[in-house]
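S.K.: Taken from TrEMBL, the feature domain 'Helicase ATP-binding' applies to 280-446. Per TrEMBL, the feature Zn(2+) 1 binding site maps to 507, 510, 547, 550. Marked as Zn(2+) 2 binding site by TrEMBL: 516, 519, 534, 537. Under the heading domain 'Helicase C-terminal', TrEMBL lists 542-696.
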Ligand code: ADP
Ligand code: ZN
Ligand code: ZN
């Protein structure tokens with residue numbers, strides 16, 4: 001008898017270790033690690049889902065005390081050995097339940113509704129089943145179509161090759177298979193003699209088959225692409241020279257026309273970097289590299305050439321980017337270089353497309369995977385290099401359970417696969433830069449732009465002086481510069497990190513500010529939709545004509561958003577063609593790419609947007625970048641506020657002057673003397689790094705200290721506050737006296753969606769007692785959840801709002 005070790009879908013500390021279940025006899029040959037099963041659980045034996053993480057012979061357990069697995073959910077493992085292993089580490093590292101780690105790694109499509117399809121390869125001896133399964137076509141079925149016993153029999157038959165089973169996402173099954181032909185000829189010269197000399201179409205097909213004697217050739221493709229004649233195919237089929245079969249069709253979700261791209265001749269700086277990383281790939285060294293390269297220094301070309309090395313070595317590559325939709329140019333560059341070997345994991349894919357991409361990766365047909373955070377779990381079997389582009393980006397941290405950082409997972413996988421990790425950025429996170437400084441990471445610096453251009457000249461405009469002169473939106477300098485570029489037919493990028501029209505409404509008579517009823521935040525006016533919107537919970541209401549409190553008509557709107565800037569620009573520069581890119585204009589699928597394409601084709605003069613325009617864009621005709629208000633992020637209650645501001649401004653400045661024309665950047669600010677802004681002027685990351693490190697040292701923050709954030713929330717403020725003080729008391733008794741505990745304090749936005757949030761921040765260097773204490777809190781969090789309290793543990797948090 002066999003037992004299976006199963007992580008069940010019950011989030012508690014006990015279930016972080018597997019439970020043992022007996023494997024029913026008829027499942028013994030088909031069950032494997034990484035499959036999901038349904039098992040009875042608890043006193044009531046309710047049926048729940050679980051992951052098989054191990055199978056072993058029954059030795060010293062009493063079978064009478066074990067429950068039996070009820071049924072199998074998957075016909076093939078959905079997670080491999082590596083990912084099962086990873087889940088253990090991830091749960092420990094992020095203070096999460098192991099089941100939530102497994103569920104996070106599960107390909108999205110497996111979480112969606114899907115059916116299974118079965119096809120038989122020859123008549124089945126079991127008559128009932130033989131009738132239920134048709135001959136050639138895939139029969140779609142859900143779990144009711146077959147009895148549990150029949151399902152188990154089908155799995156056995158699948159093992160023996162009597163039937164084939166696969167997943168089909170509902171409604172998307174039709175395009176699954178397509179017709180293919182396969183050669184049956186052994187003696188080509190014999191057949192050739194047989195053909196009439198003037199039957200050129202048939203000769204063509206015969207030559208073609210001779211070149212591809214073993215392949216399944218998709219009929220549609222060879223007719224369209226290779227000029228094979230349909231009647232020749234028919235004739236060959238009638239003679240028995242070819243067979244007709246079906247092949248699975250992979251949908252190609254990324255409808256980008258490939259433009260073949262070849263490796264570029266490297267600059268000396270690039271070449272040195274490529275060589276060093278190549279060494280690690282070839283020697284199978286799990287080293288982490290940090291490339292700190294100024295914007296336009298050609299980091300992408302380095303990645304591409306290293307990926308090529310990994311592929312040449314018969315290995316695969318995993319490339320992570322902050323957000324796919326924002327970086328279509330980057331994705332296209334990878335596609336153009338490596339063609340159809342590339343799989344893109346994209347939140348805009350349909351479930352069917354995602355399943356196809358996942359399967360292509362798992363089957364080893366996709367050798368290069370590009371995707372955002374969750375792609376770090378792509379089921380590649382033989383990784384040769386992992387890349388994190390823009391490694392400082394906060395989207396690499398998951399803001400829900402399990403709260404992992406992509407970089408940590410990447411480094412874990414690099415050890416498993418014996419391959420290097422490459423972190424790249426113009427403005428590395430202080431944590432990574434500090435590790436590079438200590439030699440934990442291998443440090444590579446690129447100080448020059450590829451095109452020999454200087455970095456763009458940056459001008460700081462003091463808005464405290466401008467407001468009286470020209471209002472608070474555009475300074476004279478900026479308007480003049482925009483005008484100049486428009487006459488030269490060059491392009492302009494303008495950034496304002498605030499969407500909507502006005503950021504709040506206030507009554508001049510009574511001072512009332514219109515707030516969200518569910519959150520402690522003011523409502524933003526949107527002219528597009530004629531509503532006042534909450535950017536945190538999505539609440540919307542019509543724009544009021546009078547003050548809701550005193551009914552005065554004397555209401556005013558303050559704060560400028562992208563909508564207002566667009567309107568103002570159109571007034572001042574009626575001839576300018578403007579594209580706006582923010583959350584509101586990019587809701588629809590593909591909108592990002594459309595806007596960027598239009599701008600790239602120079603169908604617009606000005607691209608105006610929020611921070612989503614700061615990343616990765618590479619448009620040669622952009623020679624001016626304007627930042628309308630550099631201060632939006634500076635005042636946030638976050639110890640990384642200066643770092644974020646420096647990163648964002650440096651990134652956006654880097655969009656200017658990337659080709660042969662010199663670039664210029666104008667930054668408007670009310671804090672012209674602030675060091676983060678002054679150092680952007682020089683685009684001097686290293687000086688910023690040193691200065692910021694000193695401040696972090698003084699204040700006791702990362703990277704000098706590790707941080708854990710505990711958040712307690714409830715719909716009742718008293719309850720959240722009370723619990724957080726209780727936790728504080730507990731921590732004080734447990735933790736080392738060198739560990740600092742800050743709080744509890746209400747979160748900066750104390751209430752969101754009618755929940756009140758309290759935070760505790762723990763800062764520590766080494767504290768052996770911390771992990772057990774946090775696990776104790778995690779353990780108790782399930783009981784608290786029943787009372788409506790939510791407790792979140794966030795190790796190395798990046799978000800304090
Ligand atoms: P980064 O990611 O460092 O900002 P990119 O990789 O986008 O820089 O490179 C900037 C531009 O220079 C791109 O248009 C790229 O195609 C081009 N480029 C990169 N390396 C080379 C090279 N060795 N020779 C010519 N052009 C290059
Ligand atoms: Zn009023
Ligand atoms: Zn709200």
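Backbone N, Cα and C define each Cβ position, glycine as well.
Where the annotation comes from TrEMBL, it is an automatic prediction and has not been curated.
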S.K.: Considering the binding-site residues 507, 537, 550, which residue's Cβ sits among the greatest number of other Cβ atoms within 10 Å?
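M.R.: Per the Cβ count, the most surrounded site is 507.
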S.K.: Residues near the Zn(2+) 2 site, 516, 519, 534, 537 excluded, by Cβ within 8 Å of the Cβ center?
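M.R.: Neighbours within 8 Å of the Cβ centroid, excluding 516, 519, 534, 537: 517, 518, 521, 523, 535, 536, 538, 539, 752, 753.
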S.K.: Using the recorded Zn(2+) 1 site (507, 510, 547, 550) as reference, state which further residues of the same chain have their Cβ within 8 Å of the centre of those residues' Cβ atoms, listed in sequence order.
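M.R.: Near the Zn(2+) 1 site, the remaining chain residues are 508, 509, 511, 512, 548, 549, 551, 552, 554, 555.
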S.K.: Please report the distance from the Cα of residue 516 (Zn(2+) 2 binding site) to the Cα of residue 510 (Zn(2+) 1 binding site), rounded to the nearest angstrom.
M.R.: 18
S.K.: For residue 507 (Zn(2+) 1 binding site) and residue 537 (Zn(2+) 2 binding site), determine the Cα separation and express it in whole Å.
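M.R.: About 23 Å separate the Cα atoms of these two residues.
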S.K.: With Cβ-Cβ distance below 8 Å and at least 6 positions apart along the chain, what are the contacts of residue 547 (Zn(2+) 1 binding site)? List them in sequence order.
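M.R.: The answer is 507, 509, 510, 512, 553, 554, 555.
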S.K.: I'd like to know which of the binding-site residues 510, 516, 519 has the most other Cβ atoms within 10 Å of its Cβ.
M.R.: 516
S.K.: Restricting to the same chain and to sequence separations of six or more, state which residues have a Cβ under 8 Å from that of residue 534 (Zn(2+) 2 binding site).
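M.R.: Correct list: 516, 518, 519, 521, 523, 524, 540.
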S.K.: What's the CA-CA gap between residue 550 (Zn(2+) 1 binding site) and residue 537 (Zn(2+) 2 binding site) in angstrom, rounded?
M.R.: 26
S.K.: Under 6 Å from ligand 2 by Cβ, which binding-site residues from 516, 519, 534, 537?
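M.R.: Cβ < 6 Å from ligand 2: none of the binding-site residues.
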S.K.: When the Cβ positions of the binding-site residues 510, 516, 519, 537, 547 are compared with the atoms of ligand 3, which fall under 6 Å?
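M.R.: If the test is a Cβ under 6 Å from any atom of ligand 3, the answer is 516, 519, 537.
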S.K.: For the domain 'Helicase C-terminal' (542-696), provide the mean pLDDT of the predicted model.
M.R.: 92
